[in-house]
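Straight from TrEMBL, the features:
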BINDING   Cys84, Cys87, His88  heme c 1 binding site
BINDING   Cys228, Cys231, His232  heme c 2 binding site
DOMAIN    215-337  domain 'Cytochrome c'
SIGNAL    1-20  signal peptide
Amino acid sequence: MNSILKYPLLLFLGSLILQSCEKTDALNSSDDSNSNASVYFYKPLNFLDPVYDFSKNPVTKEGFELGKALFNDPLLSRDNTIACSECHNQSYAFTHHGHPLSHGIEGKVGLRNAPPIQNTAWQKEFFWDGGVGDLDLFPIAPIENPVEMDEKLGNVLEKLKKTSRYPNLFKSAFGTDEINTQRFLKALSQFMNSLISDNSKYDKVMRHQGEVFTLDEKAGYDLFNAKCASCHQGALFTDQSYRNNGLPINEQLNDKGRFRITENSTDLYKFKVPSLRNVELTAPYMHDGRFFTLDDVLNHYSRGVVQSETLDPILSKGISLSEEEKRKIILFLKTLTDKEFIRNTKFSN
């Protein structure tokens with residue numbers, strides 16, 4: 001997905017729209033609805049406090065259901081064929097499984113691999129280049145991107161107004177049947193913030209909930225902490241930084257990463273460190289989906305790192321890994337798979 005920050009006026013206007021409604025819609029949420037919020041959003045025991053400001057957009061049952069309907073509705077695209085869920089499939093941790101580069105309307109191929117949608121309330125910035133710093137603005141970019149949904153947000157709202165179902169859904173979520181930009185975006189945020197992945201084997205081991213690592217998984221965990229956790233750290237398994245991890249430049253795409261946002265040469269070919277939660281399910285890997293297996297990923301770090309001016313210093317010599325060490329690390333990574341998350345019918349259309 002491309003970044004909304006390439007269009008600063010759009011970002012500025014979006015911010016004004018959201019600010020204008022903070023004192024109304026957030027206050028209009030009923031106490032009865034808020035009593036259901038814990039069913040849809042909660043802070044896992046082993047997570048830090050979320051960064052998303054829920055005081056401006058508390059999760060309600062009705063808001064969640066509206067957001068889910070919107071997330072799965074192809075009306076959000078110009079020709080009514082592409083829904084958000086097209087590139088974010090629950091069975092694969094809300095990624096575009098098997099597609100190196102995501103494709104959208106009329107089969108147009110994008111620039112990057114679609115990252116998973118999970119644990120968004122803890123994310124500071126979005127997209128591989130960090131081009132959006134507010135979840136409530138995040139959906140505008142794919143909707144208006146010409147190779148994704150290729151629609152104008154205003155057109156989406158007009159289409160929703162003409163349906164029989166959405167006025168009632170908006171009324172249930174926000175008190176009246178008015179369909180506007182801020183309500184549309186807030187409903188999507190409520191749904192996405194509910195996509196919490198925290199019930200993997202790893203989580204249950206850390207919380208002492210009856211699971212234990214096998215000997216090889218424990219060895220992989222120790223190796224991971226020694227060789228990978230400087231970037232993939234904490235409960236999210238990412239430090240949310242931007243780094244050049246030594247990938248050979250894809251001459252066809254020539255994606256310059258974070259540089260597209262900052263225009264600072266020190267950010268050339270740097271991309272956001274991805275979360276490794278559910279990594280077993282989210283192939284292909286890297287911003288351009290060049291690696292189809294976890295073996296390929298570890299082989300890159302052990303013997304494929306390319307030197308460049310912006311290469312992260314911790315990768316200057318690569319990461320020394322034997323075949324046995326790679327095997328054990330992968331066994332550990334598979335303990336990050338959250339089967340409850342991908343099978344939860346609450347998130348299904």
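Note that Cβ sites are derived from N, Cα and C of the backbone, with glycine treated the same way.
On its own chain, His88 (heme c 1 binding site) has Phe71, Phe94, Thr95, His96, Ala114, Pro116, Ile117 as residues at least 6 apart in sequence with a Cβ closer than 8 Å to its own Cβ.
Within 10 Å of its Cβ, the residue among the binding-site residues Cys84, Cys228 with the fewest other Cβ atoms is Cys228.
Within 10 Å of the C-beta of His232 (heme c 2 binding site) we count 20 further C-beta atoms, all protein chains included. Geometry remark: Cys87 (heme c 1 binding site) versus His232 (heme c 2 binding site), CA distance 24 Å. In terms of DSSP helix, strand and coil, the domain 'Cytochrome c' (215-337) has 50 helix, 10 strand, 63 coil. For the heme c 1 site, the Cβ centre of Cys84, Cys87, His88 serves as reference, and the other residues of the chain with Cβ at most 8 Å from it are Phe71, Ala83, Ser85, Glu86, Asn89, Phe94, His96, Ala114, Ile117, Pro142.
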